[in-house]
Amino acid sequence: MISQTEITGLILAGGRAQRMGGIDKGLIPFHHRPLIESVIHRLRPQVGSILINANRNLEQYSTYGFPVISDDDLSFSGPLAGFAAGLKACPTEYVVTAPCDSPLLPTNLVELLVTKMTEGSFDLVYASSKDPAGKTWAQPVFCLMRVSLSKSLEEFISLGDLKIDRWFKELNSSTVVFDSESAFANINTPEELLTLEKASS
Ligand SMILES: Nc1nc2c(ncn2[C@@H]2O[C@H](COP(=O)(O)OP(=O)(O)OP(=O)(O)O)[C@@H](O)[C@H]2O)c(=O)[nH]1
Ligand SMILES: [Mg+2]
């Protein structure tokens, strides 16, 4: 079994947030607190340590007391750039990722991903959700991986590919389908921010 202390939680806050007007999304107020605080609150009890991946406002992110790491270059090439930076900096054998814009992430995220990873000796297990019509959706930025995948990811990125699902397909990977779709609700626009605040008040 993989113990909690062997897992680092990597919070992805390095995006451009263009649909939110280009501001730093992890720091926008959600129920009067920076959005990332809701993610820290849910993820911290599930892991041994936390890393924050951010490309702006590094000082403000560092006030949470966790290491803050940035992408290798500031081309904002997507979440895989955050994965790569996190894998390089990770002090433990496993890393689990969560985006800064999903404040209701499952409280059993790590438990279920770990169970799946152990069952099949997978290198990477990502979350999926089911919509009300029963269709399954990948939630690839919620993912547990072995830190030994760092080299594979470096190579993948160096070939110019940035598509997360294409990298997953190259690996010994699997998914866990979570019951609650709402736990993966993510805030991309000002409208979504208001809707989710109302729904979670
Ligand atoms: N490190 C890093 N993380 C990124 C990058 N782009 C997106 N992300 C993260 O990936 C997750 C999903 O990103 P999206 O919500 O699709 O993108 P976003 O950049 O936040 O917002 P949009 O620009 O509106 O698409 C979020 O946690 C982002 O912070 C990037 O270039 N670098
Ligand atoms: Mg998003």
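Cβ from N, Cα, C; glycine included.
Note that the structure is predicted; figures quoted are calculated from it, not measured.
Annotated features in TrEMBL:
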- 9-171: domain 'MobA-like NTP transferase' (DOMAIN)
- LEU12, ALA13, GLY14, LYS25, ASN53, ASP71, ASP101: GTP binding site (BINDING)
- ASP101: Mg(2+) binding site (BINDING)
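Closeness to ligand 2 is met by ASP101, these being the binding-site residues among ALA13, GLY14, ASP101 whose Cβ falls under 6 Å from the molecule. Whole-number maximum of the Cα to Cα distances across the GTP-binding residues LEU12, ALA13, GLY14, LYS25, ASN53, ASP71, ASP101: 18 angstrom. Under the DSSP three-state reduction, ALA13 (GTP binding site) is assigned to strand. For ASN53 (GTP binding site), the Cβ neighbour count at a 10 Å cut-off comes to 28, with all displayed protein chains included. Proximity of ASP71 (GTP binding site) to non-local residues of its own chain (separation of 6 or more, Cβ distance below 8 Å) is seen for GLY14, ASN53, ASN55, SER77, ALA81, GLY82, ALA84, ALA85, given in sequence order.
There are 26 other Cβ atoms within 10 Å of the Cβ belonging to LEU12 (GTP binding site). In three-state terms derived from DSSP, ASN53 (GTP binding site) belongs to an extended strand segment.
Under DSSP, ASP101 (GTP binding site) is assigned to coil, being neither helix nor strand in the three-state scheme. Sequence-distant neighbours of ALA13 (GTP binding site) (same chain, six or more apart, CB under 8 Å from its CB) are ASP24, LYS25, GLY26, ILE36, ILE52, ASN53, ALA54, TYR61, PRO99, CYS100, listed in sequence order. Averaged over the domain 'MobA-like NTP transferase' (9-171), the predicted model reaches a pLDDT of 96.
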